[in-house]
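The feature NAD(+) binding site is assigned by TrEMBL to D40, A41, A42, Y43, D44, S89, L90, E123, R146, E182, K304, K328. Marked as active site, N6-AMP-lysine intermediate by TrEMBL: K125. According to TrEMBL, the region 'Disordered' annotation covers 203-224. Positions annotated as Zn(2+) binding site by TrEMBL: C420, C423, C444. Taken from TrEMBL, the feature domain 'BRCT' covers 629-701.
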Amino acid sequence: MTDPLPTTETEAAAELEALAAEIGRHNHLYHNDDAPEISDAAYDALMRRNAAIEAAFPQLVRADSPGRQVGAAPTGHLAKVAHARPMTSLDNAFADEEVAEFVDRIRRFLKLAPDEPVALTAEPKIDGLSCSLRYEDGVLIRALTRGDGQVGEDVTANVLTIGDIPRRLPGDTPAIFEVRGEVYMAKADFTALNARLAAEAAETGKEPRQFANPRNAAAGSLRQKDATVTAGRPLRFLAHGWGEASALPGDTQSSVVAALRAWGFPAADLFATAATVEDALTLYRRIEAARADLPFDIDGVVYKVDRLDWQQRLGIVGRAPRWGLAHKFPAERAQTSLLAIDIQVGRTGALTPVARLEPVTVGGVIVTNATLHNFDEIARLGVRPGDRVLVQRAGDVIPQIVENLTPEAAHPPYVFDCTCPACGSTADREESEVVYRCTGGLICPAQRVERLSHFVSRHAFDIAGLGQTLIEAFFHDGLVAAPADIFRLTEEQLAARKKDGRVWAGNLIAAIDAKRRVPLDRFLFALGIRHIGEVTARDLARRYVSARALGAMLRGAVHLHHATQPQIGEPERKFVLRRDRLLVARIDTAGIGPEVAHALIGFAAERHNRDAVYDLLRQVEPLDVVHEVRESEVSGKTVVFTGTLETMSRDEAKAQAEALGAHVSGSVSKKTDLVIYGAAAGSKLKKATDLGVRAIDEAAWGEIVRAAE
Ligand SMILES: NC(=O)c1ccc[n+]([C@@H]2O[C@H](COP(=O)([O-])OP(=O)(O)OC[C@H]3O[C@@H](n4cnc5c(N)ncnc54)[C@H](O)[C@@H]3O)[C@@H](O)[C@H]2O)c1
Ligand SMILES: [Zn+2]
């Protein structure tokens, strides 16, 4: 967990509340709908976060804390029946040390000597759903799902269709005995079932029902109202415990499991006992190594205290027994083939490469694509379509490629052609960045809504009554695709959208018309060019004064840009742009900086963008910047700033002087009228003194400025 814990009670209580709601929602999706939205690892991370906050703020533990609950209360169509003994969950461990702590806790609880051995059983943790089978006088009379641990769903009819489950126990068995275990679906059966469902759907022309993983398939198949559906599903059963029992056929976990086997229940082949923590961990690794070859999905190893008298004393705390622990496996990995690399375009134009994979089950979920983060990652992994790759799902829901398993040069290298797949514009990146962005901001379908919303926003065109929601609606209805379209909207079009919409339409058109003349800086800012925020837009506007002058400069720059591009071909060509110092130098003045220069040229070099701007210029007129000059004692004079100014930047000082009608020069000569010096002023100040030029400090300059206000 990387996020720091909340520091105040208020924050902690708020987060616990949010977690309870979120985890509750996922419990419902997982346990009742068999349709989880997040991975188990992501779910476990939420639970751990909840537990960590509860440990830091024990007074805030909620009555409905997810840490106290088992599963989810059943809500479906099946009859709800109370359990004779609660069906619990298990505490989780992820690291080896946690297993040692588990045994230490048991020793402390039972007040055992430190060297007293605590024998544990170890067995795979099957990814299915638990089920309790009640036998009375050796006959199966009821089967219940776990539900919320107190109340389960009656699935007796369904369970009778499962071949692994005996209907009747042989010979002399206790009068009452509840066998508990997992109903699961084998991996191969799961794949076949999904294929069958797809084929059936294709025949009837319906949308196929596909299960995300074997666990969901098992749960969805068992919890059917119509047991004949269950009968057609390849469900299996593994016994691992018991509930109410009038007598027990042994005094250890292992001897009871052996009896269950003798009665005809399948139990895990990899079941074993361990005398020490080290032995338990050895079993864990053995089971982990066997994992991929097991016919069913498992997500960890379950340890239980072998002695039943100790289990009895240890009892249950909250949602789980003190005598059991689920030691989960780390993120699962799997091999598959990289079919293709696609590029997704985000709402702000960022391009993300996505790996299309041959479907593979990783950690119980079918994975068909993985993120590659960015193009550097593709280079780092050296992956090419056709390669075998190692895929992993970690705490994150999005799977990732961790390694390329195909030797060098087996397939042609992946080449990114630096164009946006959504609009065909050039994609560019800055030297300091790894992310490529589409430069077709105004025309790129992936970015349009975002750009249009920006265009009408408060600091841009600021059109009264035209916000994001309306712009989105106009876009979806095909009324507005580019900024210029806003100015082509008609009252008739708008009025037709609302009942009695005349007045509204009239007002909106008037508000739009009122913005047909806007200050140049707003116009520039509204275009949504990267790095051109409000301040930079204002700087650019001040420097170029008119749209015409700015346009002329850009035309020149773009012409030069195209002329300096080597002829088509290698991808590098397209970003020569950002290395072209000469070009950038043309606009990299007045503190505008190379990043802004690159962004501007990149934008202007794109024909679609130019067309969109010309189209807009037929509708609106950007107003020239009028430099207001105030009369002051320095009007018409030449001033020089030197040294380090304390209260303002050099740029601001220069702007101040210009606003007062002064000319700012960089060097001191006989023509200089005034030198303003800051700290550590050197040769210029000396020269001024030598030439007899008047020199004042920053504070005195401040007085001149204030006097002119
Ligand atoms: N992805 C999601 O949205 C989501 C939501 C809820 C739960 N989950 C998953 O379910 C887990 C929580 O469910 P849970 O309460 O069932 O806990 P759990 O799955 O971590 O462990 C308890 C269960 O393990 C099962 N089990 C399997 N093999 C066993 C064995 N050999 N011995 C004893 N029990 C065995 C039993 O059914 C028992 O109830 C989470 O950790 C997460 O993995 C995921
Ligand atoms: Zn694009």
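Using N, Cα and C of the backbone, Cβ positions are placed for all residues, glycine too.
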Under 8 Å by Cβ from L90 (NAD(+) binding site), counting only residues of that chain that are 6 or more apart: K125, V302, A320, P321, G324, L325, A326
Where the C-beta lies under 6 angstroms from ligand 1, the matching recorded positions among D40, A42, D44, K125: D40, D44, K125
Secondary structure composition of the domain 'BRCT' (629-701) [DSSP: H/G/I, E/B, coil]: 23 helix, 18 strand, 32 coil
Beyond the site residues C420, C423, C444: chain residues whose C-beta lies within 8 Å of the centroid, for Zn(2+): V345, G349, P421, A422, G424, S425, C438, G440, I443, P445, A446, Q447
D40 (NAD(+) binding site) to C420 (Zn(2+) binding site) - Cα separation in whole Å: 35
Helix, strand and coil totals (DSSP H, G, I; E, B; other) for the region 'Disordered' (203-224): 11 helix, 0 strand, 11 coil
Among D40, D44, the one of these binding-site residues whose Cβ has the fewest neighbouring Cβ atoms within 10 Å: D44
When distances run from the Cα of C423 (Zn(2+) binding site) to each of the binding-site residues A42, D44, R146, the nearest one: A42
Integer Å distance between the CA atoms belonging to C420 (Zn(2+) binding site) and D44 (NAD(+) binding site): 37
Length of the line joining the Cα atoms of R146 (NAD(+) binding site) and C444 (Zn(2+) binding site), in Å: 51
Cβ neighbours of C420 (Zn(2+) binding site) where a neighbour is any other Cβ within 10 Å: 25
Under 8 Å by Cβ from K304 (NAD(+) binding site), counting only residues of that chain that are 6 or more apart: L120, T121, Q253, Q311, W323, G324, L325
Segment confidence, the domain 'BRCT' (629-701), expressed as mean pLDDT: 86
Cβ under 6 Å from ligand 2: qualifying recorded positions of D40, L90, K125, C420, C423: C420, C423
